[in-house]
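Positions annotated as disulfide bond by Swiss-Prot: 54-60, 58-67, 332-357. The N-linked glycosylation site annotation in Swiss-Prot covers 305. Residues or ranges marked as repeat 'LRR 7' by Swiss-Prot: 222-246. If you look up Swiss-Prot, you'll see 270-292 marked as repeat 'LRR 9', on the strength of sequence analysis. Annotation comment: Swiss-Prot describes 553-573 as transmembrane segment.
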């Protein structure tokens, strides 16, 4: 039995050992798993805490870090890792204050650093950055290496810095493959930066010193949609003809506050929607400037020198919704009759502002759409036959300043003794509307020193050569004056002429390149200026002006006469009053005045009732005449205790005042209650 038990015991011992070993191994593995889980949880919590930690000087809200307007000189180093937008504007941060660990914040996409103390383009920026605001700093250079560190950048704002053309490194934007918006307003640029990225959609270069735009300035910018060049030094002579025609996708072009005398040639027409040309010196617009601009919605020509517009200028503008024409010297003659009809026809769809007439005189200040009878005269003149009759019936201002000379941009004056002019001794009649002529001109003297010239060309011409000669002067001495006028013009104003002089005015059609048309004879007309001092001229001007023209002068004369008469009446009244006052002064007697009883209390002086009782009228005055006046005072003695005399002469000190003195020199008030 013992042996059997021992054997059984020996048999079960290994199995129990194996079971215990398995249990211990399982327990060890569970402990390791728990420790690993705990370590992982601690690391996760640490990362979460670190990512949500906000700098003490800032405010954080779902990835938006607000550290602006804090007076910081450097960016806080403990920026959360989940930050997406950093507001750091209006501080004093310089380039040394941008920490290197900022580029490790891979979630940051927008940084606002405007109005700080940066003098170089920052380099420690995260590669994930897509929008950067650096306005109102002192950044002077743009290096390729700086932009290469932020290849995903889409919007770059560098307004109000010190960037110049030479400080932009060549191919600085070569690595900016996604840049769509570039603002360089109010810097020191003298030309368009080169090497701009092809992805650019909006470019602002306003308020710089750009004076020249070469042909290749916008080469490759096929995606550009908005271009702003306001406030520069641009003139027509320094802009290449096809500069803007390459920008086929452009929808907005702004050339405000420049020195343009006419809109630039070959503007993009396919997709242009907004065209801003205000605040220039534009005096004429070629008739085909706005051709094929069927998408144009807004056109601003305010604050220029426009007096007229060519017929058909707006024919292709089917989508035009707003037309601004303020502050121009519009001359509302027959040449603008088409514009009046166009404004009336498109009144429901086009908002026209500022089309106010500055001449002729009788329509000054009127909106062109409200003019009726004045322009209807143009129809009457045309129906009576002959362009000469039309010129006679057309109302023209008597002031030469009302019409700005046309073609001034191309004007040149030269002495050409060999110019083909007819003999000055022949009396040349006014040109008539003969159908055989290719050019008909009409002249009309306006004032003693100006003549208005209008013409009509039967065939299109690139330009006209206009010449004039004062009779009595030989062409050999160089008195012929000429100018080149654009082919789309129909009128010209000669000024600074001699009064009471006869002029021969000739015009000839020019070919391309400003050469004379073969076998083309000049068309001439003769006109005589009025006498600047002649009474006949004055009478004629008054008759032409109508019966109402003399009213302002009559009003001025009548007002002056009435004013002189009023001064005479007032002078007579003043003289009479002065004389009457002297007579009354001599007869009137003035007496000394005595104060009322209440005046003592009002003046703060106590009355000695124990001594005097004064009775008298209210107010008396001291006489001017030396004779003695009657005494009007009644003095009653009340026998004071000291028995001193109460009578005082006129020479006694204090006589006539509110405070009397006794003979001993002691005031009465000191004895009032003794």
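Easy rule for this one: first residue shown is 1, then count along the chain.
Every residue, even glycine, has its Cβ placed from backbone N, Cα and C.
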Remark   = Taking only the CA atoms, the spacing between residue 357 (disulfide bond) and residue 58 (disulfide bond), expressed in whole angstrom, is 60
Note = Cα-Cα, the residue listed as 'N-linked glycosylation site' versus residue 332 (disulfide bond), nearest Å, comes out at 14
Whole-number mean of pLDDT values that fall within the repeat 'LRR 9' (270-292) = 94
Ask   = Distance between residue 67 (disulfide bond) and residue 54 (disulfide bond) at the Cα atoms, whole Å?
value = 10
Residue 58 (disulfide bond) versus residue 332 (disulfide bond) - Cα distance in angstrom = 64
Those disulfide-bonded residues listed as 54, 60, 67, 332, 357, and which of them has the most Cβ atoms within 10 Å of its own Cβ = 332
Ask   = Other than its own, how many Cβ atoms are within 10 Å of the Cβ belonging to residue 58 (disulfide bond)?
value = 21
Query = What is the number of residues in the repeat 'LRR 7' (222-246) that are helix, strand and coil, as DSSP sees it?
reply = 3 helix, 4 strand, 18 coil
Residue 67 (disulfide bond): secondary structure state under DSSP, collapsed to three categories = coil
Ask   = For the repeat 'LRR 9' (270-292), what are the DSSP-based totals of helix, strand and coil residues?
value = 0 helix, 3 strand, 20 coil
